[in-house]
C-alpha cells in the first residue's frame with residue numbers, strides 16, 4: 001500500500017494540473033470503485049458534473065480533491081490505485097474516467113480494486129477542514145501543525161510495541177511498514193520494544209527520523225517496488241534504491257556490517273539489524 005510520500009507525490013501532481021478545472025464528464029467503469037459512495041455510481045456521476053476542483057488535500061495516506069460545492073472527493077488508492085492524467089494505453093484496469101473542461105482526461109486505474117472514489121462532506125477537526133472519513137486520522141509528521149511533543153506523550157502511555165504504534169493511524173498517520181522500519185533503523189530502536197519503556201528523547205528522535213526519511217523519499221518520487229505506485233504521469237519513484245532496512249534481509253547493515261534480519265510482525269515483515277537494533281530482553285521468570 002502506498003505510504004505518505006507516494007500519496008503526496010500524487011497530490012502534488014494533481015494540485016499542479018487539476019486545480020481550478022471543472023469536471024465536464026464522469027463515467028464509472030466498475031461499480032466496486034465507488035462502493036464507499038453509498039448513494040451509488042449514478043449519484044456520484046451526477047454530483048461531480050460541472051463541479052470545479054478548488055484544491056487538493058492529504059492527511060497521512062488519505063488523498064482528496066476539494067470542490068466548489070464544499071464537498072470533497074476522497075480518493076482511496078488502496079493497494080494499487082493510480083490517478084493518471086492524459087490518455088492511457090492499457091484500459092483493462094480503468095475503473096473511473098473523468099474529463100476536465102480543458103480536455104484533460106483524469107483516470108482512476110486500480111488493478112486490485114481495493115481503492116475507489118467517495119464524495120463526502122468536509123468537517124472541522126482541531127481547526128483544520130478534512131473530509132468526514134478522515135476525521136479520526138491523526139496528523140502526520142509532515143503536517144505543519146504536527147505536534148511532536150503531544151504524540152510523544154501519547155506514545156509514553158502505550159504498553160505495546162513501538163512499531164505497532166507507528167502503524168496506528170489514530171496515533172500518527174502516514175507511516176507504513178516501509179518507513180517505520182527505516183525510521184527504527186535510523187534511530188537504532190528495535191520495533192518490538194514497548195513504546196512506554198522508551199524515554200521521551202528517544203521517541204522524539206524516532207518521530208523526527210520518520211519525518212526525515214519520508215522527506216528523503218518524497219524527494220525521489222517515493223518508493224516503488226513494482227509498477228503499481230506511480231505519479232500522475234505514470235512514472236515510478238526510486239527511493240527503494242536508498243532503503244537501509246526494508247527488504248534487505250541477508251544483506252550487511254550499512255552502518256555496522258551485521259547481517260540484516262526479517263521477522264513476521266502483524267501479518268507483515270519487519271527488517272532490522274540485530275546488532276544496531278537488539279531485541280528487548282525477555283525477563284526471566
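Cβ coordinates come from backbone N, Cα and C, glycine included.
Its Cβ placed at the centre, residue 2 (active site, schiff-base intermediate with DNA) has 27 other Cβ atoms within 10 Å. Look at Swiss-Prot and you will find 2 tagged as active site, schiff-base intermediate with DNA, backed by sequence analysis.
For residue 3 (active site, proton donor), the same-chain residues 6+ apart in sequence whose C-beta sits under 8 angstroms from its C-beta are 61, 174, 175, 176, 177, 178, 179, 214, 222, 223. The annotation active site, proton donor is assigned in Swiss-Prot to 3 (among others).
As annotated by Swiss-Prot, active site, proton donor applies to 61 (among others), with the evidence given as sequence analysis. Look at residue 61 (active site, proton donor): DSSP puts it in coil.
For residue 268 (active site, proton donor), the count of additional Cβ atoms within 10 Å of its Cβ stands at 14 [all protein chains shown]. As annotated by Swiss-Prot, active site, proton donor applies to 268 (among others), with the evidence given as sequence analysis.
Marked as DNA binding site by Swiss-Prot: 93, 112, 158. Just so you know, the Cβ of residue 93 (DNA binding site) picks up 19 other Cβ atoms within 10 Å once every protein chain is counted.
The zinc finger annotation in Swiss-Prot covers 244-278 and is backed by sequence analysis. For the zinc finger (244-278), the residues of the chain that approach it from at least six positions outside its boundaries are 161, 163-164, 167, 177-178, 181-182, 184-186, 188-192, 225, judged by C-beta separation under 8 angstroms.
With respect to Cβ neighbours within 10 Å, the recorded positions 61, 158 differ, and 158 shows the lowest count.
Rounded to a whole number, the distance between the Cα atoms of residue 268 (active site, proton donor) and residue 112 (DNA binding site) is 19 Å. Here the zinc finger (244-278) returns a mean pLDDT of 97 for the predicted model. Here the CA atom of residue 268 (active site, proton donor) lies 26 Å from the CA atom of residue 93 (DNA binding site). Helix, strand and coil residue tallies for the zinc finger (244-278), in that order: 0 helix, 12 strand, 23 coil [DSSP].
You'll find the Cα of residue 2 (active site, schiff-base intermediate with DNA) roughly 15 Å from the Cα of residue 268 (active site, proton donor).
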